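Q: Submitted below is the structure of interest, expressed as structure tokens.
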Amino acid sequence: MQKSALAIALASLLTPISYLHANEAQPQETVVVTANRFEQKASSTLADVEIITRQDIEQTQAKTLPELLRRLTGVQITQNGGRGQLASLFVRGTSSDQVLVLVDGIRFARAAKGAVDFNQIPLTYVDRIEYVRGARASLYGSEAIGGVINIITKARSQQQGTTVSAGLGSLDYQELSIASGVAIGEKGQMNVALGTESDKGYNVRPVPGVNDGDRHGFRSDNALLGYVHQFDESWSLFANARAYENIYQYDNSYGTRDYKEAEKDDLSFTIGTQYQSERWVSELQLTTQKQKSWDYTQSKGKYSDTSDNLEQRNIQWINRYLVNDVWTFAGGVDWRDESYIDKTADKEFDRSNTAAFAVVAAEWQQWLLEASLRFDDNQEYGSQTTHNIALGYQFIPEFGVKASYGSAFKAPNLYQQYDPSYGNVNLQPEDADSAELSFYGLFSGIKWSITGYDYKINNLIDYNSTTKNYQNVIGESNIKGVEFTAEFATGIVQHQLSVDLKDADDSKGKTLQRRAEHMYKWNALVAFEQVDWSIGYQYVGKRPDLDYNTYPTQNITLDAYSLVDTSVSYYVTDSTTISARIDNLLDKEYETANGYPAAERAYYLNIGYQF
């Protein structure tokens, strides 16, 4: 297929976050699957996509998913303390429950009482992460207002070999993992990943005179098993299972020393098949996911207090047809059923959602076009229709423009709808409109882009202290901002810069809680002979927050902070690597949530062996 001038220019801009690894040859084209729900060259999509590869995870020596995601453009992490504690994010000022999280292309079940807790997803079985900024509800449905994060596991990897990794670090941190890909006969591939990690933590919620000396630790055990069978060049079958058991500790209240533990268990199974010909690709997947959450006082034990169960079942059928060198059509059907069991109230709630979507993409000379439409039918809140259209034009080989406009929505979660005390079955989805305009180019070896975005969100769902339940807030919240990104090299150093400036206001014109108006990030990699040196810097400006330990609750402002992390990997041989990482290199004192100090400077050492 002959590529347009615009596609060639976009290909140079849509490089993975892997810093154009100076010590290895690059693939001819970066391929993405999340932008339009089918595999395509990055140069053929108008979406803003960033990619984290497994090599990036190894080079940065990140220990948690939030440590990786905070390097991405427009991402701001909020965390209630250290490893394992509740972690959420904002993308372009939209909240965690307005960002869709996928695992292998399937919606990850959200905790019944809120959004995805990013600290609970282990890195052991992560192979790649694709991050799409901007509304994508016309493809995926609910939650895809601010963007989509697709965590792609090793379940369908074709890479063979075994890697063993062991490490230790500050706060009595220990980790051990093994990942292996093995050929089964001539047409099969088995993938296995096992991991365990723990630390004793620190006092994530210090209250002088009440819990002095407390340490709030974390432990995670996780596993993945995947199998792929290629019957012939066109037809394949795949199946996988993944699980984790995470336990973390915290204090029950501000005024009493009531030590508590929370346990989060997750188990999922997937089976699917794919047919692929020269022009047509069709894939069918069936997935079931079960989550169990316990919250109990340590002295009384696991079954003394509350527990919640959440089950989610998905069927997904996606098709893509390449009409000719210009036009591509895609579409599919999604079905999801969710069950929430509240053990405290001894009640079970269930709802289902059926959806169909269609996409058309065109690539002709200096033009790129994308248009998508989706219809969702939910048994509780009715139907939603969302759309998106994007257009790009290349003026000259080194300069282009693209624009998009779309609609999106976020459905109430199961807790907000069904909780016996605080739920409201009459809640309606939040709805949003988004518009973006982007200029990009290549100048003197610098790849750059500047994007303006504007989100208008209505019917925000929030707790109402007067009615004592969740209600839709009347009025319109507005988030508008500008992003600037740049990639360039100075000698053997590869640089990535991003600037995010935004105003995120509620319907009364007040800044939305915990959103920073200014963020600056710099990521760099030095790859020289047998050594990789990675460094990451971020500045997060002042943010409004609430002090829940006062009555009535007081408005406060969290201080701005700068954070530096660095890591070094030394390749002793082709099979042995020794790595070290320092978190919070400058030992800054800061909070991303009021009353929850972040960890002090921490050191980590790791050794990996491949065979």
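Just so you know, glycine gets a Cβ as well, placed from its N, Cα and C.
According to Swiss-Prot, the protein carries these features:
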DOMAIN    41-154  domain 'TBDR plug'
DOMAIN    159-611  domain 'TBDR beta-barrel'
MOTIF     29-36  motif 'TonB box'
MOTIF     594-611  motif 'TonB C-terminal box'
SIGNAL    1-22  signal peptide
Q: How many of the residues that make up the motif 'TonB C-terminal box' (594-611) does DSSP mark as helix, as strand and as coil?
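A: The counts are 0 helix, 11 strand, 7 coil.
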Q: If you average the pLDDT over the domain 'TBDR beta-barrel' (159-611), what number do you get?
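A: Its mean pLDDT is 93.
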Q: DSSP-wise, what's the residue breakdown of the motif 'TonB box' (29-36) into helix, strand and coil?
A: 0 helix, 2 strand, 6 coil
Q: For the domain 'TBDR plug' (41-154), what does DSSP give as the number of helix, strand and coil residues?
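A: DSSP classes over the domain 'TBDR plug' (41-154) add up to 26 helix, 40 strand, 48 coil.
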